[in-house]
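See structure below.
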Amino acid sequence: MALTADGKVFSWGDGEMGQLGHGDNRSYNTPKMIEGLQGKHVRDIACGSGYSTAITSNGELYTWGQGHRGQLGHGDCCSVSKPKQVRELEGHRVVGVACGLRLPHTLAVTDSGTLWSWGDGAFGKLGIERTQFAHTPQKVQFGDHQGVAQLHCGVHFSLILTKDGSIYTWGRGEYFRLGSDASTNIKMPHKVEGLAHKKVVQVAVGAMHCLALTDNGEVFSWGDNEHGQQGNGSLTANRKPQLITALKDHRITKIACGSSHCVAFAAGTPTATGEFSPVSFPASQDPLGSSLLVGRPDDGAGGEQDEMKRPSLTKIVLSLQTPAKQQEALGHMQTALQIAYARDAIVNSLGGVALAAQETAEDLQEEEGTSAVEITGVIPSSEISSLAGFSSTKQPEELEVPQSSDKVIPNFPLLARDLISFTHLLTVEDARVMVDLLKLAVARRVGTRGKETLGAVLTAMAKTNTEVATMLMELCINELEEVARSPRISETPQPILQESPHPYHDNCTYSNNIHMPGAEALILTFDPRCSTERRHDVLVIKDGSGAVIAVKSGRDTADWAQDIRVVGDELSWTFKSDGSVNGWGFRFTVNPILPKKVHGGSELSDRVLQSRPSVDLVTCLLDFQLGSAPTQESVSRLGAALASCAQLSTLGASQRMWAIQHFRKLLNSPTSGFLVFGAMGSCCPVKEAGGGSISPLISLMRCLPDALFKQFNYEIAHVTGGTQLQHSSFLQSLVLLGCDVELDCMESCSDSTKWTWFAQFCVAARMARAIQNRTPIPATCLAEVDACIESLTQPGEKSNRDHENNEIFKLEHDEQLLLWMQRYPKEWVIPLGIAFSVYGWGHNHRGQLGGVEGNKIKTPRLCEAFSELSPVKVTGGEQTMFAITKDGKVYASGYGAYGRLGIGGVDSVSTPTLITSFATRGIVVSKVACHSGGKHCLALTNNGEMYSWGEGDDGKLGHGGTANVDTPRFVDAMKGKRVVDAECGSSHSACILDDGSLYTWGKGRYGRLGHNDYETQYKPKQVMALKGEKIVAVACGSGDAHSLAASKETVFSWGDGDYGKLGRGGNEGSKVPKRVDSLSGKGVVKLMCGSQFSIALTTKNGHIYTWGKGDYYRLGHADDSHQRLPKRVMGPLANKIVVDVACGSLHCVCCTSNGQVFTWGDNDEGQIGNDSVTPVQGPQVCE
């Protein structure tokens, strides 16, 4: 027998016992369809000695053929020559069946895991404690198990494989076929202990021998070996399972047995299943979003342009060599034209019905006087019955062939209210015929309106006929399940993602070969983040012949911006790294360029198309069914099928997105309670890497976080890099599904460094849904609102909670508020009393002042570009400047070497540029730390996370290595800790946690890290000498560096002590923190380290203290002498209250409580702001 993809069964061969199912005992030497199963979508078939079985998609079991041992299960020993349902199992959903040999018996398993047996009972092969006949199915009891995965019948014995990988056998034991190390008969299922320590994923049974395949590709055999079927190199039978050593070096993926021989299928390289690869954008370059307007390539928007260019039929016919061949060709052409015209006629005759079908149910119930809708009826009954299988009450006498499907003259009217009467005339069989025609229509084989017309009529029929509705629902589920079972039917190659580790490792080689059958060329598109050491770490691309197509390396975005085209369907690549400084690595997508003939299946015959399951067919029919109260069984199977299709990489992005969207509809429908996540593995199980299977719903939930994360990371680089206008619809559907299942509340998405963007979306989506549906506002939203209200209310001020009540604030009120906010956005900004402006002066050779013209700015000048951002914080580094806005976004300008700007790449920018890796992920930054002598940065977020970027020498970024990083990267070593402050030096870094503990890392020379050694630390390490002290401030120096820290009443210093910069009266350095006694009790709240000097600011009286090297007047004491103890800065500041202070390498700036700004120190770049380049000895007002 043979089973087609669309559920039809064909049989041929010996029919003496009626086992062919054609209603007679004739034999057939060519396949013939079993008409008794027509209309039944058959899922599985099995053959035994003189009889056959079939399982339909709804779990019904049919048997036919010889029944003399009761093997048909009909309650008698009669033979039947046509399929007959086993009534004893009616009400049970049969999912598997096996047929025996010689004196045959039958096994079946239902979706509940119950095992049944009937037929000949000799030797105990039924497993029911008796050896007599069983004319009807009997339950078989066996050990504690997880359900039956496979079942087989041999000669006088039975075997099952459970879902937990265990094997049970029973029946005749001769020739050791039961694998129990004995030849005795066993009447009840007995576990094969020889494989108890293995997880078996597949079994196969011959006449009297067995094979078992384990999850690691090993094959075991036992039983009869008369013909060498054990594969053990001899003719000696294996008494119990033995490893076939000849297959030891091969990873076997499938096994099969004949009567006395075996076959094993080997895979080349094992690949883990379930790995998600990001779905590529429809176009590799689409910065203006043109694909959103003209449609995606797989939407069929190209129309006739997508059709394959063919030679004319005239040329084809004339090219044939003989008149007989030409005549035959003309006959085929005539037949094809008749079929095409007949299909067009059918579709056009139903055109009016389709239009009427679009009317709502209310329209159908309107009173007399409904406007008429005309339809065309131009097809005679003879053609209707032969071509469409249904009849009409209007039957014109002759067929008028239309000139085209778009030019049809209406012949007679059909009122919209008559639609129900019309569809009542059509039967379930009529609907099946139209479904077959619809499957051709979705492949563009039935006119331009065939898909819409047939889909609308079938939908109307389902609304008026419950049998049709049930049939269409079953058909939709069957099609999706078949797609899930046979993913290879999609022959169109899909994009493939290739990438290195990020960052990649030293002295490593990575390579791969990619083959996309059917592609005429391959396009390689690179991620904008690609970065490797130029000329040292190179990526070599070769075509299928081995010729080098391109060599890629470099740290600039421009090095990877150009796409690569490889002619042919194959390429290979190799990447080698040496011991030089590494980069982020590479990532590229290989997109196939397909010939026109691949699109639409135009090279396939109608028969092939109809035999294949089609997602496009289901998209035409399923929508209305979701609202028609489907059964629990239908919902569970539909959910499993949709979940499986959503995970199939062989489907197109639009088809997977459709599956996700309809799974969401099912999940949010009243029938969602029927989705039992753990009980659907039997419908369309998903294979795990180990060889087992799990429920598609569980698999979808498991892979969803990984899919979301990978798809977002893939797309964000393209969106922020400007190659794409916005995120894809596929990602949007994934995000919405994740929000529906509350993925943001699960442990897998608890890492806020990765999932902040998703969590914020979920909060916003639920809030919007609550407002739209007038349902209670989510608690997370209310918590944020309460926090804002609390920050605005005065102590003792009371506030009510009426804003939470949807009965008070109705939809019209929300609409008014939204309109107000859109028209007058400034009225929705909390007034801060002042308008922020940013002024800058000094060194501007790299454009760090954000658009101010000139290299040396000697007086304060308005930085308009920064001021327009209304920043709340501004920070300056070595030739860089950063601004933080009130919404936590960070903008950078200046020198880009080593990636210190964090915007990606090493280019310098002279205008404030958004650090997109923060903004696009919804990360709210509260502080950026950098040093006047440093080339790296740290950033803190509002939830206490820390990121770093820039130069990675000496491990100062805290990522465990020395690689440069050009975009902010989370410091993994601080995961789970809340960082409240951080500072940078030139070669080391420090941070303070919420518990007051201090961590340092980077270069360890001079003991600057405070760990009582001179070792460099590549990750943050706690300063144990300060354990127990609650640190509130920290500072890091440059050059011969030192460090400072302050608790509430005490200041500590350590590191290099030259020029007295440690403030303890001498030049001695220290490997551990020591007290600066002269500052004890002064309430120091801020510390700064310049080049060889230190600064402290107190809060009790707003005084500044400086100490260390004094040249260039950097200390502000009116001379250039060194100070080895902290000394207060006097002069104009003697009677001032200083509220903030900062320093460069050799100069200082502070502001007082009345808003005045004072500067002093070196002035070679005009950094004092007094319109000169002369150093200033003491504090001077900056006008």
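Placed from the backbone N, Cα and C atoms, the Cβ positions cover glycine too.
Here's what TrEMBL has on this protein:
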REPEAT    7-58  repeat 'RCC1'
REPEAT    59-110  repeat 'RCC1'
REPEAT    113-164  repeat 'RCC1'
REPEAT    165-216  repeat 'RCC1'
REPEAT    217-268  repeat 'RCC1'
DOMAIN    476-593  domain 'CUB'
REPEAT    836-887  repeat 'RCC1'
REPEAT    888-943  repeat 'RCC1'
REPEAT    944-995  repeat 'RCC1'
REPEAT    996-1047  repeat 'RCC1'
REPEAT    1049-1100  repeat 'RCC1'
REPEAT    1102-1154  repeat 'RCC1'
REPEAT    1155-1183  repeat 'RCC1'
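Taken residue by residue, the repeat 'RCC1' (165-216) breaks down under DSSP into 6 helix, 23 strand, 23 coil. Beyond the repeat 'RCC1' (1155-1183), the same-chain residues lying 6 or more positions past its ends with a Cβ under 8 Å from any Cβ of the stretch are 841-843, 856-860, 1112-1114, 1116-1120, 1129-1133, 1136, 1143-1149.
When Cβ distances are compared across the two stretches, the repeat 'RCC1' (888-943) makes contact with the repeat 'RCC1' (996-1047), since 3 or more pairs at least 6 residues apart fall below 8 angstroms. Computed over the repeat 'RCC1' (1102-1154), the whole-number mean pLDDT of the model equals 95.
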